[in-house]
Amino acid sequence: MCERAARLCRAGAHRLLREPPPQGRALGGLLRWVGARMGEPRAPLVPDIPAADPDPGPAAPRGGTAVILDIFRRADKNDDGKLSLEEFQLFFADGVLNEKELEGLFHTIDSDNTNHVDTKELCDYFVEHMGDYEDVLASLETLNHSVLKAMGYTKKVYEGGNNVDQFVTRFLLKETANQIQSLLSSVESAVEAIEEQTSQIRQDHCKPSPGVNESRYGGPTPPYIPNHKLVVPEPVKSLPVAIGEPKEEGLEVQISRLAELIGRLESKTLSFDLQQRLSDEEGTNMYLQLVRQEMAVCPEQLGEFLDSLRQYLRSTAEERNCFHVAAVRMADGLTFVIYEFWETEEEWKRHLQSPVCKAFRHVKVDTLSQPEALSQISVPAAWCTSGRD
């Protein structure tokens, strides 16, 4: 009897274990849990707010900043990390803004009133005024990096590639140059149009007058970097000023002193035969503009400077309104003086905006060891008509 009862108990237990739990009981428990949760007081929902970054880090630099900063570093001739008013005027003078306007711009950028503008402060000012040029300068940064990378690839192909690889690389290189040149031509056309307008403005406001003139002119950037400083050397300041119709005796004194001065500077006599272009009977201007540039060149940049100087002299000599141009190399081998005779001061200022003059200025920014000294003076045209000795 006991054994049978035990078997029945075990069979019942196994049956209960095999049967699934009653569905109604489970569903009822779930409904009771949901009802209890719905009856609880509920706090209003608040959207998740991302936690504040304790250290967001510096903001990403604006596009094109690296290009502008690199250009302005070149204006810092003494590499002290800041620009003085003199360096600022030297770099940015373009013949349109006068010295007073440039000084006002300098103090506007010099927000901390230290009488110096650091290159970052200068860069920040121009970045805020870049407009659509931000994308252009940012693209130049990328283009510069890509071109350098492509040049490395070209070298690698030409050192170890087959003829087909070299052909493809050569084709792509030429097409790249053509595309870049096409873009450059468009930009240069815009520059020339603007320069033509500004040249007309200068013609309306500038009137040539005989005598000694001291002023600042220049042409950056960026692509053309200004680098002119018009500082009259001490010997020129001692020359008498010719105003109006001087007496014949005073004119002779001026001619003698001017000839002596240039003779000392060049260690030789300048002589020109310009009678055919300077006839008083034709009402030709009685004065010429003599422009003198003195430049000290860095020894390691001498070759580049000489190549650019030769090109500048050839091109300037071909200009119709330039009567004569000559360059003299001083005894130290690193100092050069250029003399230019122009029909009028306006013609010389127009020459400052020519492509050859801008290209020469661009080279001077990189090759000169100090700012150039430049002076101009009106000289009697009759002095240039003497024959060669």
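Using N, Cα and C of the backbone, Cβ positions are placed for all residues, glycine too.
Per Swiss-Prot, the features are as follows:
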- Asp76, Asn78, Asp80, Lys82, Glu87: Ca(2+) 1 binding site (BINDING)
- Asp110, Asp112, Thr114, His116, Glu121: Ca(2+) 2 binding site (BINDING)
- 173-198: coiled coil (COILED)
- 63-98: domain 'EF-hand 1' (DOMAIN)
- 99-132: domain 'EF-hand 2' (DOMAIN)
- 289-377: domain 'ABM' (DOMAIN)
- Arg10: omega-N-methylarginine (MOD_RES)
- Arg42: asymmetric dimethylarginine (MOD_RES)
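Locations of recorded Swiss-Prot features on the structure.
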residue : record                : DSSP (3 states)
Asp76   : Ca(2+) 1 binding site : coil
Lys82   : Ca(2+) 1 binding site : strand
Glu87   : Ca(2+) 1 binding site : helix
Asp110  : Ca(2+) 2 binding site : coil
His116  : Ca(2+) 2 binding site : coil
Glu121  : Ca(2+) 2 binding site : helix
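Per-residue pLDDT, averaged over the domain 'ABM' (289-377), rounds to 89. Within the set of binding-site residues Asp76, Asp80, Lys82, Glu87, the entry lying nearest in space to Glu121 (Ca(2+) 2 binding site) is Lys82 (CA atoms). Each residue in the domain 'ABM' (289-377) gets a DSSP state, and the totals come to 40 helix, 31 strand, 18 coil. Sequence-ordered, the extra residues of this chain that approach the Ca(2+) 1 site, with Cβ no more than 8 Å from the Cβ center of Asp76, Asn78, Asp80, Lys82, Glu87, are Ala75, Lys77, Asp79, Gly81, Leu83, Ser84, His116. Every protein chain shown contributes to the tally, and the Cβ of Glu121 (Ca(2+) 2 binding site) ends up with 17 other Cβ atoms within 10 Å. The two recorded residues, Asp80 (Ca(2+) 1 binding site) and His116 (Ca(2+) 2 binding site), show a Cα separation of 11 Å. Spatially, by CA atoms, the binding-site residues Asp110, Asp112, Thr114, His116 include one closest to Asp76 (Ca(2+) 1 binding site), and that is His116.
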